[in-house]
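Quick notes on the structure that follows.
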Amino acid sequence: MSARGTGARGAALFALRRGLHGLVVLWAAYTLSFLILSALPGDPVTIMLGAAGQAAGTPEQVAALRAEHGLDRPLALQYLVQLGGIVRGDLGTSYTSGQPVASLIAAAVPTTVELAVWTLLFALLGGGALALTASASRSPRLRGLLAALPGLGASLPTFFTGLVLLQVVAFRLRLIPALGAHGFAGVVLPALTLALPIGAIVAQVLFRALESAWDQQFITTYRAAGLSRPRLLLAHALPVAALPLLSIAGVLAGQLLGGAVVVETVFTRNGLGRLAQTAVANQDIPTVQGIVVLCAAVFVLVNLAADLLYPLVDARTRPAADPRARRTPLRRSRGRTAPQQPAVLQEARP
């Protein structure tokens with residue numbers, strides 16, 4: 001088998017293993033949420049009757065609701081039936097609204113996606129600019145100050161940042177309406193609020209990676225060739241230092257989804273975060289489980305994409321080819337000397 005075929009087979013097996021791990025994560029997330037929600041005090045039938053405007057129903061009404069939603073079955077059977085529904089794509093029906101959970105989630109997803117796109121844009125631009133400025137600075141004091149800022153940004157509670165931005169930008173300066181704005185004006189404050197802790201993580205990881213890249217041999221070689229510090233930073237150190245950001249893609253996705261709950265509540269945005277907060281407050285178990293499964297799926301897909309992309313951008317992590325395939329060209333060369341790589345590339349290899 002050729003080296004290319006062996007590498008493709010190794011990549012396919014790697015993707016299959018990661019996909020199976022992702023299915024296990026989805027199952028674990030659903031199972032854990034089911035156990036936690038089942039242990040909560042309160043009766044779902046009472047919640048449904050309250051949503052319908054009835055303080056208490058007749059025994060016949062209670063029994064009918066239990067049978068309709070399968071709540072009269074043993075807990076283990078409820079788990080298996082609901083798990084089978086999720087496998088088929090049926091997330092159930094909301095206890096409070098009576099609407100399909102899939103419809104509620106589909107209506108909330110665009111708002112959260114808009115928030116996520118702007119948040120990641122602000123976080124990458126702000127965190128990247130801060131890390132590059134700190135790494136390019138020759139002043140130890142300025143470098144220390146800039147390197148300490150991400151820790152401060154990551155330590156601030158999201159709800160506190162959101163309330164401060166609302167108070168200053170919307171109420172004091174009146175630059176942006178506090179509520180009811182559409183388009184960019186309606187998403188800029190929530191995105192900035194959520195981008196602060198995420199951008200802090202990006203800045204910390206990128207700054208440390210840049211500091212490590214400065215000590216690599218290929219940077220020393222390029223510096224000896226007379227390249228300026230800005231060109232070294234942007235053209236050679238940054239591409240290498242940006243690789244660790246792929247490794248924390250799952251962490252950033254989790255931070256984004258978790259922060260959306262707080263941000264969308266503070267800014268009254270009708271997204272997944274606010275839907276989750278309302279469902280938890282009303283003990284709307286099917287809606288909470290549907291959101292948990294969706295968030296777990298996003299987390300799994302982000303990590304899977306990062307795992308598959310990393311070998312494409314970093315040759316050191318690619319699956320090794322068959323050793324016999326690597327030796328074949330040398331045997332056929334009959335003692336001929338292989339062409340030597342340029343000195344700069346030899347220095348750059350780990």
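Including glycine, each Cβ sits where the backbone N, Cα and C put it.
Curation does not apply to TrEMBL; its annotations are automatic.
Copied over from TrEMBL, here are the features:
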TRANSMEM  20-40  transmembrane segment
DOMAIN    109-310  domain 'ABC transmembrane type-1'
TRANSMEM  115-133  transmembrane segment
TRANSMEM  145-171  transmembrane segment
TRANSMEM  183-207  transmembrane segment
TRANSMEM  232-257  transmembrane segment
TRANSMEM  291-310  transmembrane segment
REGION    320-350  region 'Disordered'
COMPBIAS  326-335  compositional bias 'Basic residues'
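Annotation: stretch 291-310 has the most Cβ pairs under 8 Å to the transmembrane segment (232-257), among 20-40, 115-133, 145-171, 183-207, 291-310.
Remote same-chain residues near the transmembrane segment (20-40) are listed as 75, 79, 82-83, 86, 283, 285, 288-289, 292-293, 295-297, 299-301, 303-304 (criterion: CB distance under 8 Å, separation of at least six residues from the stretch ends).
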